[in-house]
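Working notes, beginning with the structure itself.
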Amino acid sequence: MIIYFAVITCSLKLCRSYYKMLLNVSHTIQCVFSRMSWYTLAVILSTLVTIHASQGPEKFTLATAIVLKRGEDITWSVSRENLKYNYRTVVDTTSKAFAVWHTAGLNFRFVYNYSEAMIRISFKRRFHGEIGYDFDGLGSLLAHAYLPNQGDLSSEIHLDNDEIFSFSMKDSDYEGDNAPTSYFWTVLHEIGHSLGVQHSASPSSIMYGWYKSRSFGNGTIVLPKDDANAIHQLYFSNTKQYAAIPKFEKNKVVTTTPVPPADRSESTTNTTITTCFSFDSLSEIKHDATKDSISAYCAGVYDAISYVRGDLYVFVGDLHWRFDTSGMLHNGYPQPTGATWRLPSGSQVNSVFEWMQYIVIQTGKRYNLFVGTDFVRSVNFKVAPSITFASNNRVYAAFLGKLKDITGHLLRRKNLRWRYLPPIQLLQNELRAATDILVASNGMYIFKSGVHGVVVNGVVEHYKLNKGVWSNCR
């Protein structure tokens, strides 16, 4: 049976000891989305939206509701391929992790036939067929898991085979600064993702946004109420639609379904989105950045702004800031852009966007194509576009206030005529002064110096300051 997986993934970079607990994380990730009802379990939900369970104490978010036949077992298996640990030890420890989730009312069953299992667990190294989701060797990135298919359950959990996992379930084996990484706690968290549960804002939750080796106690692990409630909503209530699963990293949480920050009272179509951004203060950021770039960023004046691999990137001068969708600045940022991507010396970043398998960085007349951070090639234009962005696998550039489709030119096709887009009001009135366009999951944003506006039916109704929304320096 061929299983088609959602392209949405979640990954786990786990902190091996107590990381500097960014105390406001439980507040920054709470977001509100409208409820959408459906009257039969047979309906497969296809639209993913973000919600926060604000009607009670729950702090979890979920993926699309799963349809299981009554009494159906969720099967799982472990691959022997590349396995450097004792197979029986891995299976036994994994079975104990599934037993914890079983207490929420789900039935799990181990099967030897790996290809027939609903949840398949395997060990991988470095690049393993997933662009943008490579493992990184020993340390940092430990595992990632696929979101279940919409409407049914089929998922994979990959663990980094370069890591050194401990299968011990004794607290004394995880004490000290050089404590090993617990396979049990790692796979327990990833199973939650493979079942469709996103991160929780509750520190006591198994699905909390940072890894920590918890106490095994007397060997009986109790599923926290927050996680049990998530399973109940996902498998037994099926009354809501939920969000995609985030990556889970060592010092931050990264969601693969980006939702740009919006004003608390702002509505788009039939859905009200509230995204609560809380940024680290500049005094807590260690870097050698120039004062001009920092000042411009804090004033909300950007050279380019874009979502790349689910993270929000803001480019100012020779620096770039990288944020997850809970609004947390990634550890170690801002960073010099030239230290991440090999760009021409002294070049100015004008636009950044994802297109096909590439990350494309426009520097004047030149388009630099990267796979990850590896330079592939460049494409040069005679005239430098003012802004460039990608939408629906097409690339558009603004020349003198007019948008042109330049997809074919990036593909180096010859004798291709540039196609003008329809002259909607946005293109006529806004593009000449625009500094960038951001295409997000819930709409399009146009940026000018220090301000941004939401594009609705080709028209920007009003502009708001970037300061305090897309950047917030305290």
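Using the three backbone atoms N, Cα and C, a Cβ is placed for every residue, glycine included.
Listed in Swiss-Prot:
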SIGNAL    1-17  signal peptide
BINDING   His189, His193, His199  Zn(2+) binding site
ACT_SITE  Glu190  active site
REPEAT    299-344  repeat 'Hemopexin'
Let's see if you can do this one: DSSP helix, strand and coil counts over the repeat 'Hemopexin' (299-344), in that order.
4 helix, 19 strand, 23 coil
Rounded Cα separation (Å) that holds between His199 (Zn(2+) binding site) and Glu190 (active site):
11
Looking only at the repeat 'Hemopexin' (299-344), what is the mean pLDDT?
85
